[in-house]
Amino acid sequence: MSKPEDLGDANGDADRGDLSGDLRSVLVTSVLNLEPLDEDLYRGRHYWVPTSQRLFGGQIVGQALVAAAKSVSEDVHVHSLHCYFVRAGDPKVPVLYHVERTRTGASFSVRAVKAVQHGKAIFICQASFQQMQPSPLQHQFSMPTVPPPEELLDHEALIDQYLRDPNLHEKYRVGLNRIAAREVPIEIKLVNPPALNQLQTLEPKQMFWVRARGYIGEGDIKMHCCVAAYISDYAFLGTALLPHQSKYKVNFMVSLDHSMWFHAPFRADHWMLYECESPWAGGSRGLVHGRLWRRDGVLAVTCAQEGVIRSKPRVSESKL
């Protein structure tokens, strides 16, 4: 990851005003907060449970990175992590995080993290940290041109707009009300919201603006990376479903692995554009790639994930 002086675009997020008071992000104070039990041993307690009733993979990745970051010095920062989800997590039981200090070098340090429940590993992760270093060799892709977040509806307003449609199919109405009732610690604005009154066949690509709810601040680069790890798993694998949703209904979907590469400092409590695409699906699996862009056009994070996707053909339904 490049120099730490600039954690994001200079304009920041003006729509928030000054949140440095008592609106500390719940992702920092609760969701990613770990209790130290011993040296390199931590316990996580607070879990957001999606509709699958399993632990949210992004939270496990984020907490594992929090644990790993506690074992390295202040002058090194994560540049990559590679994770496997090996068992389903139990949201009713705390997760223990064991950190192994695999290597501590002058420029690079490697940490292995194992997340355990009921005496068995549910998740394993390798994270590599690097001391900040200048580099004359630099390049990146160009950020897509999209409307700014201020011109787009937030998730709550978009759902409300869908629900006001008198022609909305009842099953979508039920699902949207369920989504609206959930408390999610991130804010999302879709760049091209889908029409829900009919199933569409879309390209396996989507983009949305995303940021953590609440205030994190400028100082803790490591925490912003941990929050980005949480954010990166949200709606990510679903990108692989977009070309198939008109013909197939998914009855099982779960992440198998997750990788991230951190390129430049950023603030996870400022809007970032998440550009997601799925280059391949087959063998009951789907592959997705993602890029998190700062508002000033800097590529901050690259992500990749493969997951199990099991589906069955849709039965034709009458349209209401």
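Please read every residue number as a count from 1 along the shown chain.
Every residue gets a Cβ built from N, Cα and C, even glycine.
Listed in Swiss-Prot for this protein:
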- Asp233: active site, charge relay system (ACT_SITE)
- Ser255: active site, charge relay system (ACT_SITE)
- Gln305: active site, charge relay system (ACT_SITE)
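Ranking the active-site residues Ser255, Gln305 by how many other Cβ atoms lie within 10 angstroms of each Cβ puts Ser255 at the bottom. The Cβ neighbour count for Asp233 (active site, charge relay system), using a 10 Å radius over every protein chain in view, is 23.
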